[in-house]
Amino acid sequence: MKAQHVSLCLLGTMLFLGSVHARGLRRCLVSMDMHHIEESFQEIKRAIQAKDTFQNVTILATSETLHSIKPLDVCCVTKSLLEFYVNRVFKDHQEVNPQILRKISSIANSFLYMQKALQQCEQRLCHCGQEATNATRIIHDNYDQLDVRSAAIKSLGELDLVLAWIGQNHQGTSTA
């Protein structure tokens, strides 16, 4: 009977800690105004997508790639997406239009800010399961199949999918 009680207490503690961890992750992005980023993207979306010469190809594979992510892997995938856009997409994209460049720079700075906030919370352990690793690998593989310029344009054109996914998986952050 004591062993059962101890097991139940351990299980309860683990569930509580998991819940606290999940809420803590949501608080990592509290001060980020996703609406501002989405608005900035909407202002340049048409111009970016007009440069996309590969209409039948997608970097994010399908939105299913992101929607199949388990809640425990959200931290890992968010971290990976931010790194992907900061270290590859924004660096690889070469923009000549100063207005579009300003908007992209603003979005890139917002991603850097989110990355920094997430790194502070990562000390609590950011789990990367097999599905998260596979989703990230698919995105990188799809990017690598195109030339760098085309891949960057394609990824920028799909930014609304990423923003929607982050918003969906971190909803409630502005009120947390």
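Any Cβ shown, glycine's included, is placed from N, Cα and C.
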Could you pull the disulfide partner of Cys75 out of Cys9, Cys126, Cys128, going by TrEMBL? Cys126
Cys76 has a disulfide partner in TrEMBL; which of Cys9, Cys128 is it? Cys128
Hey, of the disulfide-bonded residues listed (Cys75, Cys76, Cys126), which one tops the CB count within 10 A? Cys75
To the nearest whole angstrom, what is the C-alpha distance linking Cys126 (disulfide bond) and Cys76 (disulfide bond)? 6
Neighbourhood of Cys128 (disulfide bond) by C-beta distance under 8 A, where only residues 6 or more apart in the same chain count: Asp73, Cys76
